[in-house]
Structure formats: structure tokens, C-alpha cells
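*Asks:* Sharing a structure here in C-alpha cells format.
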Amino acid sequence: MSTTTTTTNQPITAESMLRLFPDIDTSSAPLSGHDEEQIRLMDEVCIVLDEDDKPIGTASKKICHLMTNIDKGLLHRAFSVFLFNDKNELLLQQRATEKITFPDMWTNTCCSHPLHIPTETGSTLEDSIAGVKRAAQRKLEHELGIKKEQVPFEDFHFLTRIHYKAPSDGMWGEHEIDYILFIKANVDLDINKNEVRDTQYVTPESLKQQFDDPSLVFTPWFKLICNSMLFEWWQNLDSGLDKYLNEQEIRRM
């Protein structure tokens, strides 16, 4: 990673990003031929970080997800929601074919980014957790039609952060500090087909069986979380989860 914490006091602007990453790829050519709505969403402004999760700038979703920029060290903030029903079944989604990154792959309930807006940006861990919870409410409604009233802010539980990097197709990829959020709720779905192709609820046993099915493809971050921590957390969902909450250290994957 080429950034250092010495830059964290700079104003969070596009101009500061160009100073930090003078060779950053800002071209629009990679978006040619993709779905119009997904192209529009690539203009959303993500929070760019140093390796300690301190905001150092902003950049569009497109810029953050180009492998040419990821290979230069560009890192951004993200979140992953794991929503369980009252049977402790986990809601999965299959990403839509229209998605530019990781299309058609199965993943956890919702995976996205807090935006550089006052309600979702934070420089302290406490403020950052609050920001990703608000972002999670926003995206659960956008992707799955889940109303905020069914997923109250105070019902989200923050577990930890993971820092990982994963290519998608050679052109696109992920390099994120990902906030892991659990919530238990029975919800009504109204799927946005431009975002989500399918959904299903799984048990730990059925999910492990699906991992052995070569016809099913899962996102790399979901597999990382499953292979390292998820099943232990899941086992303690109703009793004992407290000891896993609010981890301060970033897990490097």
C-alpha cells in the first residue's frame, strides 16, 4: 500500500486524491457496454482510506474498483450485512447479471459502501460504525426492498473489520476495509432486479453443501468470512455473540 498516515489531515477532496495517487486511472472507457443504471451508480463517491481505516480522500466507485488503481494501493471503506431470520437462517443474495463487479455470484445479504455524505462518513471508529449502519439501512432498502423500520439502527451489531483484496475479471476488483454487521430480523423482500438476481435462506449445513457445488459461485469476500469466522459467530448467534462484538483490531485477510 503506497499511502501513509501522514496524509490523514488533508481535506477529503478529489484534488487530494490526485496528489496522493497522481497516476490514478479516471477514464470512462471501462464502463462502455454496461447497464445504464449500474454505470450511473459507479459515480457514487466512496471513502478512500489508509491501511488504518483513516479517511484520506474520496473517489468514485468506478475509480475505486479498477484493478489498475487497486494495484497502486487505492483502498476504500465497505460493509457486509448478515441478516438472520428467527430460525437463525442467513439470507443470501445472488448479484444481478447487470452488476459490473462480481455479477451472478452468491454472497451475504448485502454488501456495499458508505458514501462520502455527512450521515455515513466517520473518522473515529464509533462514528464510522454508525455511518456504515446507516448505509446498510439505505442499501438493504435499495437492493432488497427491506424497509428501515424492519431493520432498526440499534439492532445492527458490529463485529469486526476485514482488510482484503480480490480481483473480479482482470479489469475490476475490490480492495476494502469491510465492516461486518449482523442483524436478526424477519423482513419482507421487494427485490430490485437490477441489483439482485435471486435470494435464499440457508442454514450452516446447507451453505457448506452449496460450497461443494461447482455450479455455484460465491464472492471472494463472502468465502473469506465464511472460511475464517462466520460459522463460529453463527453458532453463538443467540448466546455468546457478545464476546465477538466491537473488535478494535482490523483483520488482515
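Just so it is clear, glycine is given a Cβ too, placed from its N, Cα and C backbone atoms.
Pulled these features from Swiss-Prot for this protein:
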BINDING   Lys61, Gln94, Lys99, Ser112  substrate binding site
BINDING   His65, His76, Glu174, Glu176  Mg(2+) binding site
DOMAIN    74-224  domain 'Nudix hydrolase'
ACT_SITE  Cys111  active site
MOTIF     112-145  motif 'Nudix box'
ACT_SITE  Glu176  active site
*Asks:* Measuring Cα to Cα, how many angstrom lie between Gln94 (substrate binding site) and Cys111 (active site)?
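*Replies:* About 11 Å separate the Cα atoms of these two residues.
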*Asks:* Drop a 10 Å sphere on every Cβ of the binding-site residues Gln94, Ser112 and tell me which sphere holds the fewest other Cβ atoms.
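*Replies:* Each of the binding-site residues Gln94, Ser112 was scored; lowest Cβ tally within 10 Å is Gln94.
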*Asks:* Tell me whether Cys111 (active site) sits in a helix, a strand or coil according to DSSP.
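*Replies:* SS state of Cys111 (active site) = strand.
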*Asks:* I'd like to know the mean pLDDT over the domain 'Nudix hydrolase' (74-224).
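*Replies:* Mean pLDDT across the domain 'Nudix hydrolase' (74-224) comes out at 97.
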*Asks:* Looking only at residues six or more beyond either end of the motif 'Nudix box' (112-145), which have a C-beta under 8 A from one in the stretch?
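*Replies:* Distal contacts: 12, 44-47, 53-55, 58, 61, 76-79, 81, 83, 93, 151, 153, 156, 158, 179, 181, 187-192, 195-196, 199, 248.
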*Asks:* Spatial neighbours of Lys61 (substrate binding site) among the recorded positions His76, Cys111, Glu176, defined as Cα within 10 A: which are they?
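*Replies:* Those near Lys61 (substrate binding site) - Cα within 10 Å - are His76, in sequence order.
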*Asks:* Can you tell which of the recorded positions Lys99, Cys111, Ser112 lies nearest to His76 (Mg(2+) binding site) in space, using Cα positions?
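*Replies:* Result for His76 (Mg(2+) binding site): the nearest of the recorded positions is Ser112.
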*Asks:* Would you kindly give the Cα-Cα distance separating Ser112 (substrate binding site) and His65 (Mg(2+) binding site), rounded to the nearest Å?
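*Replies:* Counting only the Cα atoms, the answer is 12 Å.
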*Asks:* Within 10 angstroms of the C-beta of Lys61 (substrate binding site), what count of other C-beta atoms is obtained when all protein chains are considered?
*Replies:* 19
*Asks:* Can you tell which of His65, Lys99 has the most other C-beta atoms within 10 Å, given these are the binding-site residues?
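*Replies:* Checking each of His65, Lys99, the winner is His65.
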